[in-house]
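Asker: This is the structure I have questions about; it appears just below.
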Amino acid sequence: QTLRGAMKSALLAACVLAAALVASGSSTPYKRGDPVPLFANKVGPFANPSEQYEYYTLPFCAPREEERKSQHLGEVLAGDRMMKTLYQLPFLIEFTGRKLCSYTLDPPDIEAFQNAIDGDFYFEFIYDDLPVWGFIGEKETEIVHGAEQTVYYLFTHYIFSITHNGNQIVEVNWEHDPESRLDITDATGEMPVTFRYSSKWVKTHLPSRDHVVKDTQQHLEIRWFSIFNSIVTVLLLTGFLATILMRVLKNDFLRYAKGEEEQAVETDESGWKLVHGDVFRYPANRELFSAILGNGVQLLCLVIGVLFLACLGVYSHYNRGALFVAALLIFAFTSGINGYVCGAMYAKMEGSNWVWSLLLSYFLFLGPFFVMATFLNFVAVAYNSSTALPFGTVVIILLILTLVSFPLCVIGGISGRNFSAPFAAPCRTTKMPREIPQLPWHRQGPVQVLMAGFLPFSAIYIELYYVFASVWGHKLYSLYGILTLVFVILIVVTSFITISLTYFQLAIEDHHWWWRSLFSGGSTGFFIFCYCIYYFNFKAKMNGFMQTSFFFGYMGIVCFGAWIMLGTVGFYSSLTFVKYIYRSIKCD
């Protein structure tokens, strides 16, 4: 019931947020000749998506007066720093080779462009809220006087191909004129340069930019085939385990019922019934345990809310930063769920230090996240990167967390402590804990925990690649329906595999299942972090301290959050199962 109510609250908050975000993605209608400003956003190494710099950190020709575009919170969080340019691209006006500017490159300017070309720098323009990507230049290896020499070329003629449907801009593409390249290999003296640009307009039958399909049909078929393969594999494995588990449980019920009727001697008896007096013994570190459950339910609501908005079509490549705003607001407004779950569970476990438990629940995930985000922001400031958050944005985030998130967490904690139902265990707990028999190595905690995370990870690792390629690359992710389906599979498999391992643990008379079920459910987070290491070393081409720290810093927090969320799912699934089986027998 707690999880069901939390999900409803997350969906309600997501619906309210969707009404504020979905309208921001609509395109503006224009008439022929209407001015459409082109903003310069950022430059950076193509292999390092987190290493971003303002466009005019490179010596491009800039307006005399700096004019910045007003940006909302999501755009700032995404690292956008838009500035007006000298480009003029009126609606439906075509031209070729229009002069942008002419100036002289000094040796430091030439070296800056050479370093940018060495780093495979790209730039991003924003035209009618649509991103336009291109490269600064290129380098080639040529034979000069019998020796190899690297020649640097700067692109000086930009061609904008703009697709429209009559009165709206649907898509924008960039290319360069291969005949207009400036050789900037010699950096010993000054060099004159002239930038030009052209405009082409193409009519399309598409009614809006929402119908622009980025993925090819073959690529989509591969995605569905991979997901279908994962679903079949998971269903077969879970069905096999479910059949075995149900048969074993049925035999256990019959055996225990028969034993009670015949008053059989229990000296040679073994199994989960023998630990009925210890199975509901409260775990150690109740404050930390209840705090983990509170954060787990909150993060589950966060993911549900974000995926719900994604399925509504709120996120797109032109609705910039909507995901960050949605995540921030949903996290803040679901803090009350965190406090309620933590307070209710701590009260059920008869804890007394509820203030410490409540503070721990608020800072358990938010604390490490804030420390890591602060460290990475200082790294970005040291690199003079546009990824660094301005002071005003940091103040806004702190105000949201202080004035919205924390009070809701406190109110939820007080409500959970005062209005939660009692634990209502089916069996009474004995005063002295039962001794756990010696277990073989393959049935001990660490091995069981590692086994628990493998099957859920196998259900998501294919889709995980596409998510990484979007978050840590330049591919646009749009198949949120598949992502939602994969998330549902992940929750179901995590729940079932944790229940199975909890039963096998109780069957060998090991009653320390509270923490074990939490670690078993959350062990998928460990596998995701291992995949992060594999992706960084073998799939991506990221390099440098800034990008490495951003990748492993933020992914470490994500994996920690996944451990908390999936561990909570595993525990509540096991708790429901354990209560069910012990209600089915007569406890002494």
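Just so it is clear, glycine is given a Cβ too, placed from its N, Cα and C backbone atoms.
Bear in mind that TrEMBL entries carry predicted annotations, made automatically and left uncurated.
Under the heading signal peptide, TrEMBL lists 1-25. Taken from TrEMBL, the feature transmembrane segment applies to 224-249, 288-315, 321-347, 359-383, 389-411, 449-468, 480-506, 518-538, 550-575.
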Asker: How about long-range neighbours of the transmembrane segment (449-468): same chain, 6 or more residues beyond its ends, C-beta under 8 Å?
Answerer: 223, 226-227, 230-231, 233-234, 237, 475, 477, 479, 482-483, 486, 489-490, 493-494, 497-498, 501, 516, 519-528, 531, 535, 539-540, 566, 570
Asker: Are the transmembrane segment (480-506) and the transmembrane segment (518-538) close enough to be called in contact, which here means at least 3 C-beta pairs under 8 A that are separated by 6 or more residues?
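Answerer: Yes, the stretches contact each other.
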Asker: When you look at the transmembrane segment (389-411) alongside the transmembrane segment (321-347), do they share 3+ Cβ pairs under 8 Å, ignoring any pair fewer than 6 residues apart in sequence?
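Answerer: Contact criterion met.
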Asker: Any residues 6+ beyond the ends of the transmembrane segment (389-411) with a Cβ under 8 Å from its own?
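Answerer: Hits for the transmembrane segment (389-411): 73, 76-77, 328-329, 331-333, 335-336, 338-339, 358, 361-362, 366, 377, 380.
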